[in-house]
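This report refers to the structure that appears directly beneath it.
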Amino acid sequence: MSDMNAHISEWMKETEESPIVMSSRIRLARNLENHVHPLMFPSEQDGFRVINEVQDVLPDLDLMRLDTMDQQNKMKLVAKHLISPELIKQPASAVLLNKDESISIMINEEDHIRIQAMGTDLSLQDLYNIASEIDDTLDQSLDISYDEHLGYLTTCPTNIGTGMRASVMLHLPGLSIMKRMNRIAQTINRFGFTIRGIYGEGSQVYGHIYQISNQLTLGKTEDEIIDNLTEVVQQIINEEMQIRERLTQYNELETLDRIYRSLGILQNSRIISMEEASYRLSEVKLGIDLGYLTLSDFKFNELMVSIQSAFIYNDEDETISVNEKRANILREYTQ
């Protein structure tokens, strides 16, 4: 069973944090024949029937029905990237999770089924193999919507075809500081890729963290999408590394000032917003990656989750604000 109070999933603890690649994800969107799409369910019972059908095929995964959860626990799942903010809005929705939470299957978001396989490093092909195996299991027992000319049929036209979204989460402080991200976004957009915020489409960028993903799925195979995205991501990584080298060679004093100012704020602030905290943490991580800082308890990925309101807020203790609690946590982990 998923631990709602664990700040990061077990799969994220298995490897050392990378300087740039935070995580990779493969998502497959699937719909069921003879069911209206989730956004058009006549009643909640239609949604619960879909949940039961999917759960029956995958009994080894833990089911969490969102209608039985409070808002704070729902937001914890969002913070850990196990569900999307959109899933919360659906009255009859659920998520299936494996033990280490590297597999997350959203039920009744925009589509009936969204299979997610998540991992560290640039492991897109391995993750696709995992997601594809689950997809095959579902396909053997359920009537999946598929057209021999178009491919998998999805609610959003941009997902029609393979129904696959491949994405990589990158920490790019160098490119952000040098204001290169708009140019990169325009360039990769011409090749069918996009840059989004930390929680996908329409979300805000926090802590110089960007999600790079494919935009279209029609007309390309899964392998082509994965290969092309991997190449694009590798080029962005190379450019980030070049910028970091330039920051140390030609702008070292300014870079050190930026890093140590952020460290000082994290070590001494008494109240701090999520937005400011994320950027200060990003610059401290940059300092660690460049070899300027050594902080034994500093874990960027985990801190970026644990300082979110869902993990801080306690309605039984209203004497201390979320921003104050956040500052207390950050002082503890940046000494």
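Including glycine, each Cβ sits where the backbone N, Cα and C put it.
Among the features that Swiss-Prot reports, ATP binding site is placed at 23-27, HIS81, ARG114, 165-169, 196-201, with the record citing sequence analysis. ARG196 (ATP binding site) falls within a strand when secondary structure is assigned with DSSP.
In this model, the domain 'Phosphagen kinase C-terminal' (20-243) carries an average pLDDT of 95. What Swiss-Prot records for 20-243 is domain 'Phosphagen kinase C-terminal'.
When other Cβ atoms within 10 Å of the Cβ of SER167 (ATP binding site) are tallied across all protein chains shown, the result is 23. In this view, SER23 (ATP binding site) is surrounded by 21 other Cβ atoms within 10 Å of its Cβ, with every protein chain counted. Local packing around the binding-site residues ARG114, ARG196 was summarised as the count of other Cβ atoms within 10 Å of each Cβ; on this measure the leading residue is ARG114.
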